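All remarks here apply to the structure that follows.
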Amino acid sequence: MSTAPDSSFATEPLLKLDQEVDQDTSTSTTRSFERSSLSSAAHAHLQGISSTSHGGPKVPESITDIRLFDGQNSPQNIAVYGFGLGALFGGSIVLATIVKTSIPQFWLFLAALGVFHALEYIAIALFNPMKLKLDSFLLNHSPEYTIATASGITEFLIELYFFPQLKSWSWINKIGLVMVIVGQIARTLAMFSAKSNFSHHVEYYKEEHHVLVTGGIYSVLRHPSYFGFYYWALGSQLMMMNPVCLIGFAGALHHFFSDRIVYEEKLLVRFFGQDYRDYQARTRTGLPLIK
């Protein structure tokens, strides 16, 4: 998103007209040169090129310097990632609802992935732009997350091949879909309620703009973003009827969040003191076996 300097077109007489030349002829000749100079300058400006001594155009460096998937938060990468997630969501919704394939749960899972990662980036872009990175999409959140996602897809495809009857659409899948939707809504509300106080990383030091958010969804749940992801992840595996990953996800998520919440709350008590202790007493995590 570069800005180009303003261009102005000005011409000076290219020939010194003889004073004896008739006034009408002088005016006509001068205007002719002015039109020619203006036309040439305008053409060069509109084409975005500058003439060289060899008469050829010089292509702006910005056109050739295009780098994709290099980890930089560049407009090119943002556009490609955003387009990819949008295409994933749109294409999956079409396959799940309009085409009506025999495995709508699989396409709904991919659609949920597209929405989840897009909203993660949007929330940081809106409320915490100084910390915005390409990683804010959370596509490469961690090796564990990548392995978990790949495992869910792999289990579904293997069981679809060997046990196709297990992948029929039923009320169990619908419960999983509801869990995914509720989880996504809870996490999005958490991000939009916390605004600049929300971060994808643990904050080890209290910054000046940090405040204790206790309104909205935070008035009921102490860690609504964790609550949302927990039920989103479990719901996705229930929706796809992945029994192995459902059990595995439940164990891994409980282990992760139980440790993470205890550690974070020690930091929050240090940041906000008695105010946070009072907040703890009147709210809950909403996660099983985690107070």
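Just so it is clear, glycine is given a Cβ too, placed from its N, Cα and C backbone atoms.
According to TrEMBL, the compositional bias 'Polar residues' annotation covers 1-10.
Residues or ranges marked as region 'Disordered' in TrEMBL: 1-33.
Taken from TrEMBL, the feature transmembrane segment covers 78-99 (among others).
Annotated transmembrane segment per TrEMBL: 106-125 (among others), in sequence order.
Per TrEMBL, transmembrane segment is recorded for 145-163 (among others). The list of residues near the transmembrane segment (145-163) in space but at least 6 beyond its ends in sequence, with Cβ under 8 angstroms from a Cβ of it, reads 103, 106, 109, 113, 138, 233, 236-237, 240-242, 244-245, 248-249, 252.
The list of residues near the transmembrane segment (175-194) in space but at least 6 beyond its ends in sequence, with Cβ under 8 angstroms from a Cβ of it, reads 105, 108, 112, 115-116, 119-120, 123, 126-127, 213, 215-218, 221, 224-225, 227-241. Sequence annotations record features per position, and here TrEMBL assigns transmembrane segment to 175-194 (among others).
The transmembrane segment annotation in TrEMBL covers 229-253 (among others). Here the transmembrane segment (229-253) has Cβ contacts under 8 Å with residues 105-106, 108-109, 112, 116, 144, 148, 151-152, 155-156, 159, 166-167, 172-173, 175-184, 186-187, 287 of the same chain, all six or more residues outside its ends.
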Intrachain neighbours beyond the transmembrane segment (106-125), with Cβ under 8 angstroms and 6 or more residues off its ends: 81-82, 85-86, 88-89, 92-93, 95-96, 131-132, 136-139, 149, 152-153, 156, 160, 177, 180, 184, 187-188, 191-192, 198, 200, 232, 236, 239-240
